[in-house]
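**Student:** Look at TrEMBL and you will find 1-25 tagged as region 'Disordered'. Residues or ranges marked as compositional bias 'Basic and acidic residues' in TrEMBL: 16-25. According to TrEMBL, the transmembrane segment annotation covers 138-156, 162-184, 228-244, 250-274, 295-315, 321-340, 784-804, 831-853, 862-883, 913-933.
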Amino acid sequence: MATPYAADSPTRTRHGGLDARRAAQEEHDDLLRQSVCYWRMTQPQVDDINEDDECMSSSDTESENEYEVLCPSDRKTKKILAHSEYYDKFMPHATPVAESLLAICGSFPVRMAPVVLSALVRRFTEVRFNWETKTLQSFLEVACWVSVTYVAYTIYHDVLWAFQLGTFVGALMSICDEVMLHFARGLARVIRNQPGGGDALQRLGFDVPKDGKAPTDGQEVLPIKNCVFGYLGIVTIRAIWAHFHDVKHFALVTAAVGVAFVVTGEFFCLWLPTRRIGLTLQSRWTQVAHNWRVHFVRSLIELLCWTLTTAYLYWTTQCFLHALQVGTLVAVAVCLSSGLKELPNRFTNDELASSDYMYWQEHAAGDIFLTISETLVKIQTTALRLGHALEHEAMAIQQHSRFAIDDEAIMKEGAHARVAAHLARSRESGADTERAVTDDAAQTTTRSKASAALARSVAHSWSGLLSSFLNALFATLLALSTYALNSLTKTEIDLGMVQESWSDAAGDCPVMTLLQGNVSLGAVTKSNATLTDLQGDECNFKNWTCAEKLRPNTERVLALLVPTFASISDFDVPELASAPSRVQMQYVSQLSGSNVPMVQYWLPGSEWAVVCSFLLVSYRPESEFLADIKPVAMCSKRQYDPDWICENDVALDVATFVTKVQAGKTAYYGKTTRGELYNNPGHMAKVTGSIKGIGDLQVIPSVEEFNDGVLVLRAIWDIAMAYKCKGTFNFDTYRGMRVQGQGKVSFTWSPDVLLVTNSVVLWSMVMYSALAQLLYLPRSHVCVVPVFMSKTFYGIIVLAFALYNNNKVQVLTTFLSLYEVSQFNTEPYRLSGPIMIASIVAIMSGTAVQLAFNPHLVTPSYILTIVSVANFIIVFVLEAYVFPFKSKVIEQPCALSTSTDCWYYSATKTNYYRSPLFALCIILCAILYLRILKQHMPRDLRSIPEPLFKRRASANPSGKVRVLSNGVLVLPVMERTHDAPIHNSVLRLFSTASVRVLATSTAGGCVHVLPDGQILVDAGVLLNKNFVRVCDNYALRSCNVKYAMLCRFLPRPLSYALSSMVGLTLALRVEGDELTNQFVFLALHEMKLHKTTQITGYYA
């Protein structure tokens, strides 16, 4: 009877006839002797030996020591311990108390307690040493202590309590610093001491102290570490106090942030990439003389970039701190782009002294013969490398010549003979019937022709990449413009000084019904009215019935001023004050609810007149505390104008007399020069000459709202503005009552929808698509961005939000376009709105065209480029330079209770959707053009002979999906839908004889048909079926391209981790310039994504 172990069993062969059980036991003992295990000292029981005990370790692990390591269950271990007098005497039986004490004393808190306590003591006993060796940690701890103490004192005003709280938080931060640093260093030591741990740390970018590398403490970058993280710590503490006004939250968050910065600074010193970055930046200001002497051009470029960026930003933003910060960031980027500084290799004196080659190194340093020998060896090595390179180049030339001869012979032989030869050789050799021989023949006959066609078409195959680049540019402009608009949202923006001029039609005063009159004061009766009544009078547009009802009261109020002139001793026109009954009065009022009535007094036959305007002001005598806010009349001497309508402009040195009219009585406040009241906004004018002495006259700030509170304007204007109607006012439209003056203006813009997050997400999607185009389809005529964007609704949602918010954006653009600001550059903010809407329309223009033809790809892609660029230009010009100047300022009811004046930009109500309509017309024209182009597209592309298709169909006649042993999926071959045989590998994969089922057109280089019938199809056509070639041999589904991109750029360990997380992915096998019908499931790291060199623009 045969034994369980056959003659060819490894055990029988190894032990040569031994009993099977004995051989297995000896093999098990070898396994135990080669294993490494951790065990505890326990008293063995020799009698209870379990032969089935195994060591919990891998069988292939070998001990790295020269000693034999035994497992606790090993027979030899128990035998040694059973006969050991030392073990019996000094290591008695373990008790629960001893085990508990051992566990407690070996725990992390107990071991860390003396370390933490000693560190706290050294904070006071070794202050100087701590500041020299732990500068950043000491600085942040002191900053935390001072800030918490100060904040606690400002809140509670108790010095002792604040000191106690600050000391407690500082001690807490010190304890956390020590615990976190010891934990991080201990973790690094544990990883380094593991088998292969040092190599793993080196692969991750950490410095392991061996082979002469720099030490792991990073002492060379301490200055920049201390400066950067110290500055960030102070800024962060200040920001924390701005958000947390509770001392409890402030103290805890400050301590946590301090610990985080200490640990992060230590990490940045240990990680080699950040250490090299820090060393590069630090050398720019620690080695200034050396840099200018050795790298003059580089230093000059970096200095110019920093200076120009800082100066430009300061010129545009008027904020030096912001300009300095951004300019420094740009300079840092320029410095890093020129290359990173290499870390120095350092040896300690002990290492050099203990080196085995120390003597020979010192001897070789000055020996001339060894120097010559070293030079000769270098020459020999260079010659050998040159010879190998020439040999490799000669072999490549010879192989290329052989391929050229074979290709010429194949072309002369013809397709029929070549296919027949392949079929004959396949039958003779008994090749696997699962492979299609015709694919090999077609690949051999077309490879050289495909390469030639690719070379001819390279100059015409950048349209897809150009379109993606423009979409990425539009997305970047969208993100920047939305960021700029977000900085204005619900924030009071100071515009500085704003100038209103008579030449600006946008600043016309609103007029509802122009009430005019010319009457003698002798015909006017007295009344108890006040100036407030005149300012609040309101009628509908050209309502003369209402105006006539208000006329008598207006005349009575204005007639009260003339008797006051007689009481002014130094009045400029005394003849006017001497005969009040003969004075003529000509007046005007807008009747809009916020009126500025004006009047001209004169005597018949007199050369001079007195012109008065009325305004609400604040008057406070210097001897009183309370101010009186009432409308006053400001009257000045002016030459009589028989054509007067509303003009009140006078010279700046002319005296202006200020009088209050209330309840039928007048009160003289005093006089001042017109220069104190005009072109002097915010100025507190001094008036003199009244019975109360010197008084302060100040204008009341105005609050104006636009478009129902979308934009609120707060301004402090001149006390006395200059008005003009003659030559500008239109009595038919009631437009043209101009005002001139200056004001200090600020505004607040409040849109409904914020697009910052949406624009950032859209920017990420577009940049991802553009990067995929650059990496995998750089020479394709198909643009990836609209294809990817057409498969998601996110772009449409962002466009809908932008169009919904465009009304508010146009209000801001119109306001900044019509207001002339001299001390603030509003141009970047004025153009941000048009750039935002133009960018999103440009991005979605190509997407809309692609959506109209889905699932077909839109080719040629230069049509998408033309549509996007044209729509961007049209929308931007309309939004920035046409629509803002079409609006008229119309008065309307106020939506906010705090507003003094309420206006409406008339054109924003209809223009916010017009620019997208123009863009839609261009999109429709492009779609119509592509439809016409598609109708003229050839329906088939003639290819290779008929037997090729029949032979391929016979390879899998069952029509079912089959799986080979190597994991390859063989798909069923579909029947032809056209008389033309399937020729190209792309067409063969999709079972079609024409590209018209995949793309809209073959124009623009999407398809090349050679004279002999060979077809080259653009690689971007694979996007029709959501496939993208990501490496030399495989194409992935488009949803997995992002993982392939990450694996390509991540370090190898991280790419392996990502590959294991993603799992197996479906891939299409590619051979050279041809596609196969083989689908496999592979992990990402098995595709060799890091070695991608042969991705072409066409498939044969």
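The chain as shown is numbered from 1 upward.
Each Cβ is built from the backbone N, Cα and C atoms, and glycine gets one as well.
Would you situate these features in the structure and describe their surroundings?
**Tutor:** Residues 123, 130-131, 162-163, 165-167, 169-170, 173-174, 177, 226, 229-230, 233-234, 237, 241, 247, 250-251, 254-255, 258, 261-262 of the same chain, all 6+ positions outside the transmembrane segment (138-156), place their C-beta atoms under 8 angstroms from a C-beta of that stretch.
Remote same-chain residues near the transmembrane segment (228-244) are listed as 136, 139-140, 143-144, 147, 151, 250, 253-254, 257-258, 261-262, 264-265, 278 (criterion: CB distance under 8 Å, separation of at least six residues from the stretch ends).
Distant neighbours of the transmembrane segment (250-274): 136-137, 140-141, 143-144, 147-148, 151-152, 165, 169, 172-173, 176-177, 180-181, 184, 188, 205-207, 216-218, 221-222, 225, 229, 232-233, 236-237, 240-241, 244, 343; these residues of the same chain sit at least 6 beyond its ends, with a Cβ under 8 Å from one of its Cβ atoms.
Sequence-distant contacts of the transmembrane segment (295-315) (same chain, six or more residues past either end, CB-CB distance under 8 Å): 284, 322-324, 326-328, 330-331, 334-335, 338, 825.
If one looks beyond the transmembrane segment (321-340) by at least 6 residues along the same chain, the residues whose Cβ comes under 8 Å of a Cβ in the stretch are 276-277, 279-281, 284, 298, 301-302, 305-307, 309-314.
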**Student:** Examine the transmembrane segment (831-853) against the transmembrane segment (913-933) and state whether at least 3 Cβ pairs sit under 8 A, considering only residue pairs 6 or more apart.
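**Tutor:** Taking Cβ pairs at least 6 residues apart, the transmembrane segment (913-933) and the transmembrane segment (831-853) are in contact, with 3 or more under 8 Å.
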